[in-house]
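Contents: one structure, followed by commentary.
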Amino acid sequence: MAQVAKKILVTCALPYANGSIHLGHMLEHIQADIWVRFQRMRGNQVHFICADDAHGTPIMLKAQQMGIEPEQMIAEMSQEHQQDFAGFAISYDNYHSTHSDENRELSSLIYGRLKANGYIKNRTISQLYDPEKGMFLPDRFVKGTCPKCKAPEQYGDNCEVCGATYSPTELIDPKSAVSGATPVMRESEHFFFDLPAFSDMLQAWTRSGALQEQVANKMQEWFDSGLQQWDITRDAPYFGFEVPDAPGKYFYVWLDAPIGYMGAFKNLCDKRGDLDFDEFWGKDAKTDLYHFIGKDIVYFHSLFWPAMLEGSNFRKPTNLFVHGYVTVNGAKMSKSRGTFIKAGTYLKYLDADCLRYYYAAKLSSRIDDIDLNLEDFVQRVNADIVNKVVNLASRNAGFINKRFAGQLADQLADPVLYKTFTDAATSIADAYNNRESGKAIREIMALADVANRYVDEQAPWVVAKQEGRDADLHAICSMGINLFRVLMTYLKPVLPSLTERTEAFLNTELTWDSIEQPLLGHSITAFKALFNRIDLDKVNEMVASSKEDMAPATRVTGPLADDPIQETISFDDFAKVDMRIALIQQAEFVEGSDKLLKLTLELGGETRQVFSGLRSAYPDPKALEGRMTVMVANLAPRKMRFGVSEGMVMAAGPGGSDIFLLSPDSGAQPGMQVK
């Protein structure tokens, strides 16, 4: 009995419309596209949509800096984003914007239903206000000194040095990041979504078994700490949708952003005419809805979004597919090192299929970070795609074209071997379906090794020189071409451009269900080079080009310009700080934190435990073990939810991947005082 085709709606997180797409973004869109292409190959009806997230204070302020209207900026950015995704063959059925009539209508509808159902609460709050710009300041637009560790230039919601979270009003010497003015406190009435009212529903959804284990565990932490009402409004000036019947109040960007999934699909329904919006979003919808997102936005998608949908009588997602971050050469993407690579820059130098393959080979269903090691990238693509797969075709096609007029043999040389390849379809399909593309790639490449071994053992180049063995040569090379066809069918979701060239060469469409029947007595076209090797020089040029993009900014700013020297202190104040040399005995990740590393420090007779915000710069903590560093030894111990931190290690840099742990000169010993 044939399997009934599923109806599936797939979304990617909406890229923010104030910047270019980079290779970190592309991980998600490539992962989702591979899954979508596989589902389509299996006969399922998939609608794949995305949109630009086009609202919020950052977009309003950037447009002001550029001297244009926000509408013009987001329109230009949307065009750039769509061009980048097309360049990577991301097969969207529709790419829209949250700044649309559909999204305005749906945002108002959902808000109205939530309000009517008693889930919207009003209360007056106090907020920091920029008196020069005449605007309330979001947390990330306030900077000051961390109230916990005293690190300067920290954002208003959390410290990137010690990992502490706090409110912007707790910052020491806060300043507006917009004007530099000292903000003042002002009161304003805001509207809140009653998230705690949905706690039981959300916990049941979490325990249903649909979510990834890591996501469910993280959600349980949030439940244990208690859900809070969510502020869903912002005050004018703000670029977004005004709240109905509330002049001067606007929906917070994170309210209308996920509704953008619905708006983009509604726009597709209106374009197509044969799609039913309610079939995919109605309360009792039987279709599947999947969101591919990064781990940084799990909070919004696993709590607020399903609660909003439940409270407004719409269906909840079938599942969230969450992935990790991208690092480059073992470190966070860096503009100064040229590893913050824009999608458009990549496409100027390299084939999109190369990155699609490399990401696919590393992806799994877990929320693990993916490292794009550029040397390994070159070696793996050349070794796998060129040497193993494409070379299989080139080794056999020449004989078929020259000796047999492009006609494949009427019979398979080795039916048992061919069945081994087609039998693998089930396990490879399971891997793709479960988002274990790395597992699928490993199995496909193992088959490629078998295919090349077959050709090596049969040695058609030797057979071709032997009289009376034309039939053997024909059979061997036809077998090689048929094995190549099976491999490329399995790789079709990953390598769309190579697939297109392969289908032209083989003179047939590659479909999952057709591989059981080999190509016998079939005509192929003249072989042309299907794929070019990656040249490491091209990769280096791409990196250099990404550095050049940052050159003007680097010349204009500098450490002192970005981080001015603090006010003068007395020698007596300085003398109170006891800095010591410390040996890092052990460095490890902190479970539940994306920023901290746990360091075990030896001070020459005493061992300390310190939590430090170094993870973004040192993704391999073992690399720190055995290093000497400098620590503040007489800092009062601080209790954190991960344990007690007994001091602070010294580091320089603006933050993110640009944090540099201080090291003493050779000869310094653990426990020595720094004077």
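Glycine too: its Cβ is placed from the backbone N, Cα and C atoms.
Beyond the motif ''HIGH' region' (15-25), the same-chain residues lying 6 or more positions past its ends with a Cβ under 8 Å from any Cβ of the stretch are 50, 52-54, 56, 58-59, 62, 73-74, 77-78, 80-81, 84-85, 97, 325-326, 328, 333, 340-344, 346, 355, 372. If you look up Swiss-Prot, you'll see 15-25 marked as motif ''HIGH' region'.
When secondary structure is read from DSSP and collapsed to three states, Cys159 (Zn(2+) binding site) falls in the coil class. Of all Cβ atoms in the shown protein chains, 22 besides its own fall within 10 Å of the Cβ of Cys159 (Zn(2+) binding site). The Zn(2+) binding site feature in Swiss-Prot is assigned to Cys146, Cys149, Cys159, Cys162.
In the motif ''KMSKS' region' (332-336), helix, strand and coil residues by DSSP number 0 helix, 1 strand, 4 coil. For 332-336, the entry in Swiss-Prot reads motif ''KMSKS' region'.
Annotation source Swiss-Prot lists ATP binding site at Lys335, citing sequence analysis. Around the Cβ of Lys335 (ATP binding site), the number of neighbouring Cβ atoms within 10 Å comes to 18.
Secondary structure of the domain 'tRNA-binding' (573-675), assigned with DSSP and counted as helix (H, G, I), strand (E, B) and coil, comes to 7 helix, 47 strand, 49 coil. The domain 'tRNA-binding' annotation in Swiss-Prot covers 573-675 and rests on sequence analysis.
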Q: May I ask for the distance between Cys159 (Zn(2+) binding site) and Lys335 (ATP binding site), taken between their Cα atoms and rounded to an integer number of Å?
A: 21
Q) For the motif ''HIGH' region' (15-25), what are the DSSP-based totals of helix, strand and coil residues? A) 3 helix, 2 strand, 6 coil
**Q.** Where Cys146 (Zn(2+) binding site) sits in the secondary structure, as DSSP reduces it to three classes
**A.** coil
Q | Whole-number Å value for how far Lys335 (ATP binding site) lies from Cys149 (Zn(2+) binding site) (Cα to Cα) | A | 27
Q. Near the Zn(2+) site, what residues other than Cys146, Cys149, Cys159, Cys162 in the same chain have a C-beta no further than 8 Å from the centroid of the listed C-beta atoms?
A. Pro147, Lys148, Lys150, Ala151, Gln154, Glu160, Val161, Gly163, Ala164, Gly613
Q: Take the C-alpha atoms of Lys335 (ATP binding site) and Cys146 (Zn(2+) binding site) and report the distance between them in angstrom, rounded.
A: 25
Q. Among the binding-site residues Cys146, Cys149, which residue has its Cβ surrounded by the fewest other Cβ atoms within 10 Å?
A. Cys149
